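Engineer: According to TrEMBL, the protein carries these features:
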- B:12-34: transmembrane segment (TRANSMEM)
- B:41-60: transmembrane segment (TRANSMEM)
- B:72-91: transmembrane segment (TRANSMEM)
- B:103-125: transmembrane segment (TRANSMEM)
- B:158-178: transmembrane segment (TRANSMEM)
- B:212-235: transmembrane segment (TRANSMEM)
Amino acid sequence: MIGALTLLLVFQLVGEVAVRGLNLPIPGPVVGMGLLFVTLIVRSGPGEQLRATANGVLQHLSLLFVPAGTGVMLHFQRLADEWLPLTVALVFSTLLSIAVAALLLQRLTHRTPSHGESR
Amino acid sequence: MTPVLGEVWVYLSTTPLLGLTLTLLAYQAALWLYRRANHHPLLNPVMLAVVMLVLVLSVTDTPYGTYFDGAQFVHFLLGPATVALAIPLHAQWGRLRSMLVPLLATLVAGSLTAALTAVGIAALLGASRESMMSLAPKSVTTPIAMGVAERLGGLPSLTAVLVICTGILGAICARYVYGMLRIDDHAVRGFAIGIASHGIGTARAFQVSEQAGAFAALGMGLNGLLTAASLPWVLPWLERLIG
């Protein structure tokens, strides 16, 4: 587990250094994820230890959102001032993007021969 | 407060122990409630834990900064957790390759719809620039969204709140949207909710089926990459358009 955690941190560190060194507009951990993804493809898959550690971390992914979410208390004033645009934008944009993505993928996959006759 | 209690409080409010322990306690309590309610989407554990913490901090008059001195140890793990998303993403590599073109086209359309409609609607209704920039990356997972918002000139902590609201909204509403549009393919359902509502939508998709969950994880991961790479270039263009 420590080995796997070290590996994740090393990839994050490489990502952070790359982002700053090359002045990329992407967060460092995202570059780390991309690098690890490519590494996994090249080395054909994660070891058992890495798989178990990653599953453990991702199973409680929601816990990691809590400290940042509690930051809502810093923004009560802004939320009170701008609740209407923020609420309408959140609701419509979320429903629209689900609908657009689902309709498009449904249409595209049902046109390809391997999926075309499934209904 | 008695003098002894006062001393204890002074100690507790100066160590990270209290913020860290409170975070874990609130999360445990929220998980317990969520399980008791059969994973009802309205009782989202992140939302419950946040509500409890805000109440406790407000009642004890504790500033967010003091709390975060302890909670930062949990927050820090978002970095390695983002890196760890490479593992489920890699597990879908085979299917990803076989549907590559439809998935990528859907990804681009869904990702742009999520960001541009949010910013557009907020602009039309008179939101401030900081709020719009905080809203733009709302559909991607928190660590990525916060990084993107910071780059755009938004407020990362506001973004975290908006991201969590988006996740909860998607998790609650997706099945009604799919019902209306008659979408029954679980791969399609999963991928769409992953694009629009990141990790919270993905957690919900895994409760529907293994296949929906896997495709949701894929949509979430890919949209994280695409949004991080594209928004810093797309948004200045949109800003000029809406003036």
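Cβ atoms are placed via backbone N, Cα and C, with glycine included.
Keep in mind the model is a prediction, meaning the values are calculated, not measured.
Give me the structural setting of these features: burial, nearby parts and distances.
Structural biologist: Under 8 Å from some Cβ of the transmembrane segment (B:12-34) lie the Cβ atoms of residues 40, 43-50, 52-53, 56, 62, 66-74, all in the same chain and six or more residues away from its ends.
Counting same-chain residues at least six beyond the ends of the transmembrane segment (B:41-60), those with a Cβ under 8 angstroms from any Cβ of the stretch are 22-23, 26-27, 29-31, 33-34, 67, 164, 167-168, 171-172, 200, 204.
Residues 16, 19-20, 23-24, 141-144, 214, 217-218, 220-222, 224 of the same chain lie 6 or more positions beyond the ends of the transmembrane segment (B:72-91) yet place their CB under 8 Å from a CB of it.
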